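Everything below concerns the one structure shown next.
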Amino acid sequence: MGIRAFLDKIEHHFEKGGKYEKWYALYEAADTFLYRPGSVTKTTAHVRDGIDLKRMMITVWLCTFPAMFFGMWNTGYQANLIYAQSPDLLAAQEGWRFALIGAFAGFDPNSLWDNFIQGAAYFLPIYAVTFIVGGFWEVLFASIRKHEVNEGFFVTSVLFALILPPTIPLWQVALGISFGVVIGKEIFGGTGKNFLNPALTARAFLFFAYPAQMSGDAVWTAVDGYAGATALSLGFAGGIENVISSGITWMDAFVGTIHGSIGETSTLAIFIGGAVLIGSKIASWRIVTGVMLGMIALSTLFNLIGSETNPLFGMPWYWHMVVGGFAFGMIFMATDPVSASMTNTGKWVFGILIGVMVVLIRVVNPAFPEGMMLAILFANLCAPLIDHFVIQANIKRRLARNV
């Protein structure tokens with residue numbers, strides 16, 4: 001018996017009046033994930049398009065793969081590089097991850113396999129916990145509301161896992177995604193009704209609730225007892241000269257062979273996925289362009305002003321682009337169609353606001369050397385107001401033409 005025949009055979013148990021009626025959302029989620037939904041439009045459609053919500057979300061999910069696979073390799077590479085330089089640290093490692101890695105691979109930074117297995121041992125448990133715990137909340141709320149479970153959580157789960165440091169405790173991952181899904185999305189009605197990005201909401205919760213595991217120099221490398229600063233932290237301490245003197249070139253930062261959150265280090269891998277999203281019109285090119293313009297404008301202004309006490313005033317825009325979470329946030333977070341502005345003019349304003357805010361937070365606020373998360377969440381809060389003024393201005397303009 002094939003999968004399709006099996007699903008058809010048990011379907012009546014999950015329909016209204018069936019033995020497992022309350023679990024219909026779970027059955028429907030599995031059915032629509034594996035196969036195209038059987039529902040069709042019976043009357044004339046107002047809009048005809050070749051892409052639906054399922055295809056859109058799966059496309060976004062697939063577009064994260066370049067950043068995800070590179071992130072796993074880089075997580076392992078950074079750890080194995082430290083082991084090669086400090087054998088005493090390798091001898092001091094212990095725990096289930098270390099035992100698992102030792103059973104399937106070695107610790108050679110020049111080995112693609114060793115690096116990938118090392119990184120996978122950290123990323124895959126984070127992703128699994130995110131998917132299981134977040135999926136539980138999605139199914140629970142869908143069952144209570146008698147709604148379907150849509151594919152939006154595929155995107156939320158992978159985005160959240162990719163913006164975390166590899167060393168984060170798994171119980172904090174579960175707590176963070178629970179907050180993001182329940183408080184950031186479900187209490188507002190679920191997919192399509194949230195005004196904050198759920199993945200960023202989850203990360204913000206962890207950032208403020210457990211700062212020791214989300215920031216600092218000890219969380220970015222999967223090696224117990226080692227502390228390594230990110231390029232942005234080095235820039236904050238001594239400017240671009242400090243970054244370069246530490247051995248990090250602009251190309252290193254662009255390719256992604258640096259410390260950082262699992263999926264945020266490689267601007268190149270992120271742009272590969274972003275090109276597909278923009279080309280398929282899933283991501284708004286207006287928002288992406290607006291973010292770049294806002295960032296370039298303010299960073300250039302700070303370069304011209306200069307500062308003797310703040311070295312980040314001198315950071316050029318092309319360095320802002322490749323360090324921290326700027327590229328990942330611009331491509332995958334700012335373009336979220338639910339929490340971003342919906343009007344064309346509003347998308348420009350929304351994007352520019354993010355670009356300006358991220359540089360402002362990075363350069364002027366000494367408490368947060370990284371500002372992309374807060375910049376996007378702030379813009380999410382402003383998005384309804386931006387659209388309101390754009391729509392009102394359009395109404396006034398059209399009325400004026402008819403006077």
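Glycine residues also receive a Cβ, built from the backbone N, Cα and C atoms like all the rest.
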In Swiss-Prot, one of 6-26, 27-47, 258-278 is tagged transmembrane segment. Which stretch would that be? 258-278
A correct count of other C-beta atoms within 10 Å of the C-beta of Thr230 (FMN phosphoryl threonine) gives 27
The transmembrane segment (312-332) vs the transmembrane segment (121-141): 3 or more CB pairs under 8 Å: no
Between the transmembrane segment (121-141) and the stretches 56-76, 163-183, 258-278, the largest tally of CB pairs under 8 Å belongs to 163-183
The transmembrane segment (56-76) vs the transmembrane segment (287-307): 3 or more CB pairs under 8 Å: no
